[in-house]
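Novice: The structure under discussion is supplied below as structure tokens; questions concerning it will follow.
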Amino acid sequence: MTNIRKSHPLIKIINESFIDLPAPSNISTWWNFGSLLGVCLILQILTGLFLAMHYTSDTATAFSSVTHICRDVNYGWIIRYMHANGASMFFICLFMHVGRGMYYGSHTFSETWNVGILLLFTVMATAFMGYVLPWGQMSFWGATVITNLLSAIPYIGTDLVEWIWGGFSVDKATLTRFFAFHFILPFIIAALAAVHLLFLHETGSNNPLGLTSDSDKIPFHPYYTIKDILGLLLLILMLMILVLFSPDLLGDPDNYTPANPLNTPPHIKPEWYFLFAYAILRSIPNKLGGVMALVLSILILAIVPLLHTSKQRGMMFRPLSQCLFWLLVADLLTLTWIGGQPVEYPFITIGQLASILYFFTILILMPISGMIENRLLKW
């Protein structure tokens, strides 16, 4: 009798994706982040569902309902903080996952890579709208500032902003629609993740050497299921340390003040995972230019495959490109720091230099280093 795992129409799909999947024998811990992102998404959907049962998307009661969740709902505080800090874990895994893709040349799987970029944009949009929901000072002013950026679009900008707001300012209509979008988007993310996985399994996974591994494959289960569980335990450990010991470490104190349209906070800044893009936005004095730079800071990932000049796939054996990659990582950390600083000297200058370096490294230095390495190897 055929094993039900291999014959049942539905279980067969799961089997071919997670159990009998042929995987390269040498993929490292950097390949763990895909499964960790799946776990983060499930965690966010579950905690979000329980929060939505008690949350009210009305400007008069939103802030109070979040307080009510933390004070009166059974274990509401832990659900709320797991959701808030789970988003931070989600982005840590996302950045690691994208970084690994760039380092090991996974962007040569163009369909998988492009769906991944779409996923990144969707997750960022979801996180932004989620930040607005508690209706604290930073929620309100963050929503006002970021949505206002769309007014920089020529001709249709102002109409577009008012259409998104549902009025002439960020108000009840804005909060209600942001809640609706924040609820539906994670399910769209889950569907996109399935497409992402589908495209990946068409080609098979990349590996640290960047070579074809068809001649040396091992089953995903038990080897990589066990390996992924180790990563999962470390992720849960980090999350729970954050939630139980310093849940507000990554938040903003201003968000514990109810939203007040008449009082602007001294420094409006988004959550830490958007600070690098926010720093790039602020480094350009022109509004439209800043918005374009902001979008391009993420969209630039789409042209990374076109800028791949090296005849080797990954950076495993390319020291020059490795140096540039870690320069880029250091640059992004600098931008993250600058995004949280006030707009004054010397932070403005540092931000502008770091923004120029970000685009210069990806668009010019990395393709040149690939060509130099080809020449050094006489290829």
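Cβ atoms here come from the backbone N, Cα and C positions, even for glycine.
Quantities reported herein were computed from a predicted structural model and do not represent experimental measurements.
Pasting the feature list from Swiss-Prot:
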| type | residues | note |
| --- | --- | --- |
| TRANSMEM | 33-53 | transmembrane segment |
| TRANSMEM | 77-98 | transmembrane segment |
| BINDING | His83, His182 | heme b b562 binding site |
| BINDING | His97, His196 | heme b b566 binding site |
| TRANSMEM | 113-133 | transmembrane segment |
| TRANSMEM | 178-198 | transmembrane segment |
| BINDING | His201 | ubiquinone binding site |
| TRANSMEM | 226-246 | transmembrane segment |
| TRANSMEM | 288-308 | transmembrane segment |
| TRANSMEM | 320-340 | transmembrane segment |
| TRANSMEM | 347-367 | transmembrane segment |
Novice: Could you pull out which residues elsewhere in the chain have a CB under 8 Å from any CB of the transmembrane segment (320-340), counting only those six or more residues past its ends?
Specialist: 99, 102-103, 269-270, 272, 274-280, 282, 310, 347, 350-351, 354-355, 357-358, 361-362, 365-366, 369-370, 372-373
Novice: Restricting to the same chain and to sequence separations of six or more, state which residues have a Cβ under 8 Å from that of His83 (heme b b562 binding site).
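Specialist: Listed in sequence order: Gln44, Thr47, Gly48, Leu51.
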Novice: Can you tell me the CA-to-CA distance separating His196 (heme b b566 binding site) and His182 (heme b b562 binding site), as a whole number of Å?
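Specialist: Per the Cα atoms, His196 (heme b b566 binding site) and His182 (heme b b562 binding site) stand 21 Å apart.
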Novice: To the transmembrane segment (226-246), which of 33-53, 178-198, 347-367 is linked by the most Cβ pairs under 8 Å?
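Specialist: By Cβ pairs under 8 Å, 33-53 leads among 33-53, 178-198, 347-367.
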Novice: When neighbour density is defined as the number of other C-beta atoms within 10 angstroms of a residue's C-beta, which of the binding-site residues His97, His182, His196, His201 has the lowest density?
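Specialist: Comparing Cβ neighbours within 10 Å for the binding-site residues His97, His182, His196, His201, His201 has the fewest.
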Novice: What Cα-Cα separation, expressed in whole Å, is found between His97 (heme b b566 binding site) and His201 (ubiquinone binding site)?
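Specialist: The separation of the Cα atoms works out to 17 Å.
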Novice: Between His182 (heme b b562 binding site) and His201 (ubiquinone binding site), what is the CA-CA distance rounded to a whole number of Å?
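Specialist: Taking the Cα atoms only, His182 (heme b b562 binding site) lies 29 Å from His201 (ubiquinone binding site).
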Novice: Kindly say whether the transmembrane segment (113-133) and the transmembrane segment (288-308) touch, using the definition of 3 or more Cβ pairs under 8 Å where each pair is 6 or more positions apart.
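Specialist: Since 3 or more Cβ pairs under 8 Å link them, the transmembrane segment (113-133) and the transmembrane segment (288-308) do come into contact.
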Novice: Are there residues at least six beyond either end of the transmembrane segment (288-308) with Cβ under 8 Å to its Cβ atoms? List them, or say none.
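Specialist: Non-local partners: 98, 102, 105, 107-108, 110, 113-114, 117, 120-121, 124, 149-150, 152-154, 276-278, 280-282, 355, 358-359, 362-363, 366-367, 370.
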Novice: Using a Cβ cut-off of under 8 Å, list the residues of the same chain at least 6 residues beyond the transmembrane segment (33-53) that approach it.
Specialist: 69, 79-80, 82-83, 86-87, 89-90, 93-94, 96-97, 100, 182-183, 186-187, 189-190, 193, 228, 231-232, 235
Novice: Please indicate, using numbers and ranges, the residues of the same chain that are 6 or more beyond the transmembrane segment (77-98) and have a C-beta under 8 Å from a C-beta there.
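Specialist: Tertiary neighbours of the transmembrane segment (77-98) are 30, 33-34, 36-37, 40-41, 43-44, 47-48, 50-51, 66, 69-71, 116, 120, 123, 127, 130, 235, 238-239, 242-243, 247, 250-251, 271-273, 301.
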